[in-house]
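Colleague: Pasting a structure here, questions to come.
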Amino acid sequence: MMGEREEDDDTEEAWLQLRPMEPLPSQCCGSGCSPCVFDLYHRDLARWEAARASKDRSLLRGPESQSCPSKLNPETFVAFCISAVDRLTKDTYRVRFAVPGNSQLGLQPGQHLILRGIVDDLEIQRAYTPISPANAEGYFEVLIKCYQMGLMSRYVESWRAGDTAFWRGPFGDFFYKPNQYGELLMLAAGTGLAPMVPILQSITDNEDDETFVTLVGCFKTFESIYLKTFLQEQACFWNVRTFFVLSQESSSEQLPWSYQEKTRFGRLGQDLIKELVSCCRRKPFALVCGSAEFNKDIARCLLCAGLTEDSYFLF
């Protein structure tokens, strides 16, 4: 009987049932992560082909992982429990996740994670950048904007404290080092503020880091500005300046006095970027995060303002 079972396990039909399933386009977050979900598929497919050729199923498992199952991993989704969900604006949430053992998540400031969700039996993946300090112990927080027709938005809006969500990572090619640049010019649109937050906080938390920071946040209205208290606190440091560009407001009369002198109206364009670059106290290195269109436009403006291609980074 044992010999018959082994023969059945080696039939072509049995091996085809073990063949990895190719991901759907919705399962790719489109952020250029490495490994991408398609990279993992091709890795698993190569393992399957080698195992089938040698008729050795043990090859399907790959190298045994020595890491703790609760430790963040770029290849495998790990479950994290939601400890709090705060609604910041009508469509944006700050969500806190518990990290087991009061440990650190293990990523550099500005790196992002991939969230997996399932809606209507369709698996989807999106990239989000934690806004909590990189050295935060026992938790991490993400800023998530929800869209009316977004599949991931439906999933996120269903979250409640105590629910579980699955993440993998970290990803990202920008690694900040203290005093690496004379000045950081941070240009962020909407939730593009997210990677700037932990980088900025790592600078102000480090007494030995004397990097100047000019942060420009682009939002539709004053009410839609995220993390106002945090940004106000950061602007009190000697080396930090914050500015805002509001696209759907036209007058400073209704703004609090502390925002009136540092707020512009309209869109962040060529003239304002030239002014920002010229007003930097030291040679700037620009960090840019927003939509693909925003990043492309800002990169063009930075080049026109005299920066070189190696003087800015697009998240």
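Placement of Cβ uses the backbone N, Cα and C atoms for every residue, glycine included.
This is the feature table in TrEMBL:
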type    : residues                                       : note
BINDING : ARG126, TYR128, LEU143, LYS145, MET152, SER153 : FAD binding site
DOMAIN  : 75-177                                         : domain 'FAD-binding FR-type'
Colleague: Limited to the domain 'FAD-binding FR-type' (75-177), I'd like the whole-number average of pLDDT.
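Modeller: Averaged over the domain 'FAD-binding FR-type' (75-177), per-residue pLDDT gives 93.
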Colleague: With the cut-off set at 10 Å between Cβ atoms, which of these binding-site residues ends up with the most neighbours? Options: ARG126, LYS145.
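Modeller: Sorting the candidates by Cβ neighbours within 10 Å, the top entry is ARG126.
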Colleague: With DSSP as the reference, give the number of residues of the domain 'FAD-binding FR-type' (75-177) in helix, strand and coil.
Modeller: 10 helix, 52 strand, 41 coil
Colleague: Under 8 Å Cβ-Cβ from TYR128 (FAD binding site), six or more apart in the same chain: what's there?
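Modeller: Long-range Cβ contacts: HIS112, LEU113, LEU115, VAL142, LEU143, ILE144, ALA194.
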Colleague: I'd like the number of other C-beta atoms within 10 A of the C-beta of MET152 (FAD binding site), please.
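Modeller: I count 20 other Cβ atoms within 10 Å of it.
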Colleague: In sequence order, which same-chain residues at least six apart have a C-beta under 8 angstroms from SER153 (FAD binding site)?
Modeller: CYS146, TYR147
Colleague: Suppose the FAD site is ARG126, TYR128, LEU143, LYS145, MET152, SER153. Which further residues of the same chain have a Cβ inside 8 angstroms of that site's Cβ centroid?
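Modeller: Neighbours found: LEU115, VAL142, ILE144, CYS146, GLY150, VAL156, THR191.
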